[in-house]
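So the structure is just underneath, and the comments pick up after that.
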Amino acid sequence: MSQGILSPPAGLLSDEEVVVSPMFESTAADLGSVIRKDLLSDCSVISTSLEDKQVPSEDGTEKVKVYLRVRPLLPSELERQEDQGCVCIENMETLALQAPKDSFAQKSNERGIGQATHRFTFSQIFGPEVGQASFFNLTVKEMVKDVLKGQNWLIYTYGVTNSGKTYTIQGTIKDGGILPRSLALIFNSLQGQLHPTPNLKPLFSNEVMWLDSKQIRQEELKKLALLNGGLQEEELSTSLKKSVYIDSRMGTSTSFDSGIAGLSSSSQFPSSSQLDEMSHRWAQPDTVPVSVPADLRFSIWISFFEIYNELLYDLLEPPSQQRKRQTLRLCEDQNGNPYVKDLNWIHVQDAEEAWKLLKVGRKNQSFASTHLNQNSSRSHSIFSIRILHLQGEGDIIPKISELSLCDLAGSERCKDQKSGERLKEAGNINTSLHTLGRCIAALRQNQQNRSKQNLVPFRDSKLTRVFQGFFTGRGRSCMIVNVNPCASTYDETLHVAKFSAIASQLVHAPPVQLGFPSIHSFLKEHSLRASPSLETGAKTDPGLGDDIENEVDISTYGKEELLQVVEAMKALLLKERQEKLRLEVQLRDEICNEMVEQMQQREQWCSEHLDTQKELLEELYEDKLTILKESLTSFYQEELQERDEKIKELEALLQEARQQQVAHQPSGSELSLRRSQRLTSVSTQQFHEIKAKLEQCKAELNSTTEELQKYQKMLEPPPSAKPFIVDVDKKLEEGQKNIRLLRTELQKLGESLQSAERACCHNTGAGKLRQALATCDDILIKQDQTLAELQNNMTLVKLDLRKKAACIAEQYHTVLKLQGQASTKKRLGANQENQQPNQQPPGKKPFLRNLLPRTPTCQSSTDCSPYARILRSRRSPLLKSGPFGKKY
């Protein structure tokens, strides 16, 4: 028989057949009444009759089962004082977690964050005293019964490392877990009803493939190669009976105790006592009643794979010489259901074969030693059991039911794994578990808020993609939470409890009727619309409609009836089109309104953004201008300083040149004449320069005198300040006398220079010329001394003026307080402003501004009071006296 993928026939389901598709309400999104495009292809392989559906609760929904199991403490843990009462079972459904003193939750509670006690509700809680058999009978047994009736179930364990997950799934040789007990229950319940030959093999997610005799032989050899622990397929050329005999003598033995005392996995042959115990275990008469037709047969196939570091590996891969394992791909079929490509499905005839294949897969699984478990599984392992329901001779497409048991890897802190592969494994495990939590949270959010459906991130992890079919309607799921009561793992246990609390709030949607209306329903509806009299007949004979609806033969209808059906369908189609058009118009209006609102919001945001950018740019450029001003000020100050230094250097060079000229005087009358002429010209030039400076000094003195006179006129102090004014006037008169003396001395200096010039013209002797120059130098020195004395006198006058101005301001302030006149308030403000510069030292601006290089300063036009002018005059620095004659 050629290999081929079976597709469902066209008339497999009747018009009124009810298709039960249990799924989370959150994923359904109120689309239960919408007819799917390819309904028959979706429901032909996996379908459930009306009698197989579960009874919903009172509100029409059924919550996801979440069971919790607490493992007992080990003697070593009791010695480490791990029993601090942090896990307390209050009743069969409520668990209380009390934070121990060294936990992070307790420290957060002491800082006022969070709480120390948390309570969680589960479907049922099992304490440490509950055995494997009791746990299986109270939880998984009903699910196995549903699988035998045609439903799909996913059972997965969740918990921290070393919490008993693997023990719950697989158990030990003496006390099996839910997986071996499920296998035993399935095979014990289906005794005598198993299909003898594996001519149908599961393919993709919910399809089957026909196998010919050669392919059946290859499947048997593959299974024997796995059961015999590494023999090549070429060596298995003996008959099936002999192979089965060899299979009964050889095998592997594995003790799974990962959750209690660390997983101890050994690939060795079982002893005779162990074989007897296993045979006795499979012979237990634990069955469930299965009411099936007499010609119905079952074919059971199993697969076993793991997800390690986000890579898929087949654990039932035949042995080969290659050291590197082949990775598998996760694909989707034409209906969008995920499946593992090239995954090995092994046909099993009894529970013993399935148990041995499980041990072979466990031998290939990834294990490693961690700080919590000496032999911890570092991957998510998924063991799937598919049951093909074969009707008759197997020519009809079978119905497929599946039971998947997933042993999730334990969540663990990455900081406990310092580096290397363990750190990478822990990171991938935590990432996949976190993605699973996000998917469950999104499903719960969609369930609570049906108007706003969020995207469920199934594709963010390989684990969630494998679970996607069970979360979106292809089956049901159940969570078993394993809790470690140790105080050192309380924070991780609290996180696990919070995760399971979200999962416990998910619900399954009730069965939804999917199918097309029958022809008779159209006929009945059209008849009622055509003749109202038929409505009475329909009411009087309700059984007639039921009999008509049960008929499925279209050939019994006449042409007129079929035309009526066509007319009714046209009317229904027109009505649906009008409804869809109305919905389209409504949606377009809503979308346009939303777009307009979004554009307005966008425009407002852009304007606000531009204003903000404008303010930021203004501040930025103001700062840049300030920095530029400071840099220019510092630059020009440095330039002025360099100029002063150059002037000093030139003066020093000039002094050295004069000394050298005096030391090396040439002999002869010509040299002396030339030298005298040169000195005369230099003296004449200096005389003109001094004369110009003298004129500038006169102008400056005149302006200063005028300013002092203005100050005297503007200052009209009270009578109490007259003694101070008299003293100031005396000192000013003395200063003016000194100025007059200075002027007379300057005139004498000019006359002496003129006489020296005339003497130089008549007397060519070098000695007389030197005497004239010495006389000029003496006169210049005296002039410098006079100027210095005058400057000191002016300084004293300024100090007295400061004191008197302060006294005048205080007296004015006192008078204004006493009189309270409004006309003097402005003058009081000016006095207060003029008092502030008294705190600053006077500036270094020279009094005789024309003698030194200076930059023009801007006078303040805001304050022109006499007090402000007096204060501005204080800022002029003291004039440094220097030898004018030596400079030139």
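Using the three backbone atoms N, Cα and C, a Cβ is placed for every residue, glycine included.
Marked as N-acetylserine by Swiss-Prot: SER2.
The ATP binding site feature in Swiss-Prot is assigned to GLY159, VAL160, THR161, ASN162, SER163, GLY164, LYS165, THR166. Taking a C-beta cut-off of under 8 angstroms and a sequence separation of 6 or more, GLY159 (ATP binding site) has the following same-chain neighbours: LYS165, LEU408, GLY410, SER411, VAL481, ASN482, VAL483, ASN484, VAL496.
The coiled coil annotation in Swiss-Prot covers 559-587 (among others).
Positions annotated as coiled coil by Swiss-Prot, on the basis of sequence analysis: 630-760 (among others).
Residues or ranges marked as region 'Globular' in Swiss-Prot: 761-888.
The feature region 'Disordered' is assigned by Swiss-Prot to 823-863.
The most crowded of the binding-site residues listed here (THR161, ASN162, SER163, THR166) is SER163, judged by how many other CB atoms sit within 10 Å of its own CB. Under the three-state DSSP scheme, THR161 (ATP binding site) falls in the coil class.
A 10 Å cutoff on Cβ-Cβ distances gives VAL160 (ATP binding site) a total of 22 other Cβ atoms nearby, all chains included.
LYS165 (ATP binding site) has a Cβ environment of 28 other Cβ atoms inside 10 Å.
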